[in-house]
Structures are given as C-alpha cells and as structure tokens.
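Worksheet: one structure, shown below.
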C-alpha cells in the first residue's frame, strides 16, 4: 500500500511538491536565502516607478482638496481628501508587493503638484486626465508582466486594472455633471453637496 513506508511517502510527496513549484515559478528566480520569489530587475524598476506615481497622485488630490476648501467647496474638498487617502493605499499595496518579492521599494523625488486651478470643473478635468494616465501606465505594466512570463505580477496587477476602470468611470461622471451645470453658483452648490455625501459614504471609487 501507498502509506506502508512513511519515509518513502515523504520523499515522494516532497518531490511532487517541488515539481509543482518548479512549474508554477518556472520564469521567476527564487531567493535561496529568503525562500521567496524574486522579481526581475526591470520589473522591480517599473513597479517602483508606479509606486512613485501613486504617491504623486495622493499629493495631487490632497492639494486639490486644499484648493477646494479654500474656495468654499467643502464637499469636493472632503471627496478629494478621501481619494488622496485611497491613492496612498494604492502606493502601499505596491510597496508591500515589492517587499514581498525580494525587491526594495524606492521612494524617489516627488514633483510638487499644481496649487492653483481655474475652476471646480478644471480640478475634475485634471483628475480625469490623471486617472487616464495611470490607466495607461497600469496597462503597460500588465503587458510587460505578461510578455515576460511574470504571471505572479500580472495577477497582482489585475486589481489595479479593475480599479482604474472604476476610477475613470467615477471621475468622468463627475466631469459630465459639472459640464451640464456650468458655472452657476446654485448648481455648483448641489454638485458640491453630492460630493460631500459621496465622501461621507466612502464612495470615492465607482
């Protein structure tokens, strides 16, 4: 029977296990010292670039929040501040993935975001364009991961792919609403009120 010799059984199972691991991680080197899957240098560099872009996004939305508060758009200020916090979570997610795959997260110099905007519509036009930029970068990362057979990173990035779809959808809906109401003070008041409600409910992603 299969379980008569426990020593033989253990050896068989161990070899079987190693065979599976070898197949799953065929294209990813494994650190013998840490026992973890290592990222290729080029992929680690690209993920670090994305990490810093997410950091910039957090700063950008926080600065936009400050501008909105200064102009009396308290709802938009709360919404963008909450969104800034989400961007920090996106950055931390990349930070943890890099650390967990044997690569050191590298925080570079973050460019200062703009501090002045023409209007509330201008703020959300810029947020929408920025989210489109992030989507482009995430898609490029996913493409590189797939073409270099880094399936672990490709799988990790799927969360970002789905998130960006929702982000663009959300900001486009706000931008469309602002385009409909124009610069009327009364109309902007109601848009700002909606944004305050969305922030309170944690609805900063579609």
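Cβ atoms here come from the backbone N, Cα and C positions, even for glycine.
Of the listed candidates (131, 140), TrEMBL assigns 131 to the same Fe cation site as 54, 87, 90, 164.
Each of 53, 57, 86, 134, 160, 163, 167 belongs to the same chain as 54, 87, 90, 131, 164, is absent from that list, and has a C-beta within 8 angstroms of the C-beta centroid marking the Fe cation site. Looking just at the domain 'Ferritin-like diiron' (37-182), the mean pLDDT is 97.
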